[in-house]
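Record features (TrEMBL):
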type	residues	note
REGION	1-24	region 'Disordered'
TRANSMEM	86-104	transmembrane segment
TRANSMEM	110-128	transmembrane segment
TRANSMEM	199-218	transmembrane segment
TRANSMEM	224-244	transmembrane segment
TRANSMEM	339-364	transmembrane segment
TRANSMEM	384-401	transmembrane segment
TRANSMEM	421-442	transmembrane segment
TRANSMEM	469-495	transmembrane segment
TRANSMEM	507-532	transmembrane segment
TRANSMEM	552-571	transmembrane segment
Amino acid sequence: MEQLENRKAGREAKESDEEEKRVHDSSVDYKGRVPLRSSTGVWKASLFIITIEFSERLCNFGITANVISYLTKVIHQDLKTAAKSVNYWAGVTTMMPLFGGFLADAYTGRFSMVLLSSLVYLLGLSLLTMSQFIPSLKPCDVGGCEKARKIHEVAFFLAMYSISLGTGGHKPCLQSFGADQFDDDHAEERKKKLSFFNWWNIALCCGLFLGVTVIVYIEDNVSWGVATLILTITMAVTVATFYLGKPYYRYRLPEGSGLTPMLQVLVAAIRKRKLPSPSNPALLYEVPSYKIQGRLLGHTDRLTFLDKAAVLEEEEITNEMKHNPWRLATVTKVEEMKLVLSIIPIWLTSLPFGLCVVQTATFFVKQGATLNRKIGHNFEIPPASIYSLSAVGMIISVVIYDKILVPFLRRATGNERGISILKRIGSGMIFSVVTMSVAALVERKRQKIAEEDIDVLDGEKNVELPMSVFWLAPQFLILGLGDGFTLVGLQEFFYDQVPDSMRSLGMAFFLSVLGAGNFLSSFLITAVDHITEKDGKGWIGKDLNSSRLDKFYWLLAAINSVNIFAYVFFARRYTYKNVQRRVAATNLNKDDGMELMP
């Protein structure tokens with residue numbers, strides 16, 4: 001008898017070891033099989049993915065950080081028009097991921113979408129490079145001109161919006177594809193995934209730093225043509241590198257439109273609105289876990305009117321045939337609908353922070369262009385390179401948070417994350433108020449110096465004021481510190497809290513915070529200019545010296561101050577995703593409920 005028990009225990013241990021060797025989280029390897037844990041995923045796969053992200057950020061910031069200078073100096077747009085052009089382009093660039101993320105989740109899968117969109121991105125970079133080298137596409141003949149050729153303007157914006165289109169599929173899918181390389185139900189991999197978003201953003205900041213220093217310096221002191229050629233070659237090499245990692249990736253198969261099940265829940269809830277809700281949530285309809293590939297969600301007490309969709313009618317109890325999804329939904333589908341509705345207030349209250357972030361690529365850079373940028377006697381910093389301090393601030397913030405704060409807070413709170421995601425996001429929002437307040441004070445000082453400068457009084461343009469560009473360093477650094485809390489937290493939140501089948505779309509929601517921020521910035525500039533012009537001198541003039549940007553910055557600080565109270569109101573009432581794990585989740589903070597730990 002003892003020998004039989006030993007044999008049985010041995011078989012169970014062997015089966016357990018076999019289970020441990022495979023990844024059972026609905027992912028497959030590149031041949032469509034259940035992936036081996038030892039040869040796929042985790043950091044060995046993520047490094048390929050982070051490499052192409054570094055390249056994309058290098059290209060993106062190498063262009064966008066200096067694009068307002070290009071529009072004003074080469075295409076000869078005035079400050080107001082150039083700022084709107086940048087905001088519209090940046091807005092489209094960060095809203096397009098909503099479309100790309102939906103297609104990836106529903107039809108193409110993340111790997112295919114990343115590869116296809118990277119090729120479109122590369123096409124845009126190639127067209128941008130050609131517009132600098134092909135004589136008929138150049139802005140003007142040798143010797144300069146007062147206005148760029150129309151054909152160059154068309155080629156330039158066509159290239160830029162091709163890059164936007166490529167970004168639409170690249171950005172929402174690449175980061176979620178990287179996070180997919182970690183198994184949520186494996187304790188060791190789940191801990192590694194907690195650091196993934198932090199180190200992802202460090203790589204992002206390294207690309208940003210090199211983009212706004214090395215690439216921008218080449219644009220200003222060599223030529224835009226050489227800079228875009230370097231970016232095109234770099235992107236081509238990293239796209240090839242990304243493809244070489246194909247055998248090491250874990251893939252999630254597309255599951256069809258995630259919008260249809262939500263519509264079915266809404267229709268079913270309306271149809272059954274008059275039925276009484278069961279006193280015990282366990283009586284609501286759910287499919288057994290062994291019948292589905294994905295994970296089940298537990299019932300929550302929010303938005304209870306949607307629970308009607310999972311109430312079983314008498315004929316549905318007796319009839320074991322397949323149920324009509326437009327009349328009956330599972331608890332998991334109902335909870336997924338609740339998740340999407342619940343993140344809307346968080347998204348809305350994140351927009352004012354995005355409104356502050358987008359100022360770095362427009363007005364902050366133009367401020368730098370009017371200041372003394374010399375280091376020593378011969379070297380002059382390009383205006384856009386001061387943007388690199390934002391990346392430095394973010395790297396400092398992320399490293400301190402990941403290596404010091406999280407270990408300390410884990411011991412103090414018993415929470416795997418240290419603090420909840422929403423607390424991390426809210427902490428960063430405070431930095432936005434401080435940033436805009438500091439920016440307003442610095443801008444007022446710059447204006448006073450400009451008012452006393454003889455050359456400015458004489459109406460000369462492009463006057464370099466006797467004030468160091470490093471006066472702008474505090475506002476960039478403080479906002480970078482805030483980014484390390486709010487932007488990284490928003491990435492985690494929108495990946496973690498959306499339905500599993502909509503994670504690419506979840507990253508698109510995060511990017512749309514910045515996209516909507518750009519559109520809001522354009523709207524605010526127009527509205528403020530229209531209102532303040534009635535009193536004589538508008539806040540947004542044709543150049544900085546005829547503007548009152550300090551008042552505009554104080555307005556942004558006030559908007560963000562009020563918004564923090566709204567954010568706290570909704571964050572305190574938010575209920576985290578309640579996942580029914582195969583592996584028991586431990587060390588959860590009461591604040592997080594059954595929060596999914598990426």
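Counting starts with 1 at the first residue shown.
Using the three backbone atoms N, Cα and C, a Cβ is placed for every residue, glycine included.
Note that this is a predicted model, so its numbers are computed, not measured.
Across the candidate stretches 86-104, 110-128, 199-218, 384-401, 421-442, the maximum count of CB pairs under 8 A to the transmembrane segment (224-244) is reached by 110-128.
Tertiary proximity for the transmembrane segment (469-495) is limited to same-chain residues at least six positions away from its ends with a CB under 8 Å from its CB atoms, namely 175-176, 179, 197-198, 200-201, 343, 346, 350, 353, 356-357, 360, 364, 367-368, 371-373, 381, 383, 386-387, 389-398, 401, 421-422, 424-425, 427-432, 434-436, 438-439, 442, 445-446, 503, 506-507, 509-510, 513, 598. Segment contact is absent for the transmembrane segment (507-532) and the transmembrane segment (199-218), given fewer than three CB pairs below 8 angstroms at sequence separation of 6 or more. Taking residue pairs at least 6 apart in sequence, the transmembrane segment (384-401) and the transmembrane segment (199-218) share three or more C-beta contacts under 8 angstroms. Within the chain, the transmembrane segment (384-401) has long-range Cβ neighbours (under 8 A, six or more residues past its boundaries) at 61, 65-66, 69, 198-199, 201-202, 205-206, 208-209, 212-213, 216-217, 360-361, 364-365, 368, 373, 424, 469-470, 472-473, 476-485, 487-488.
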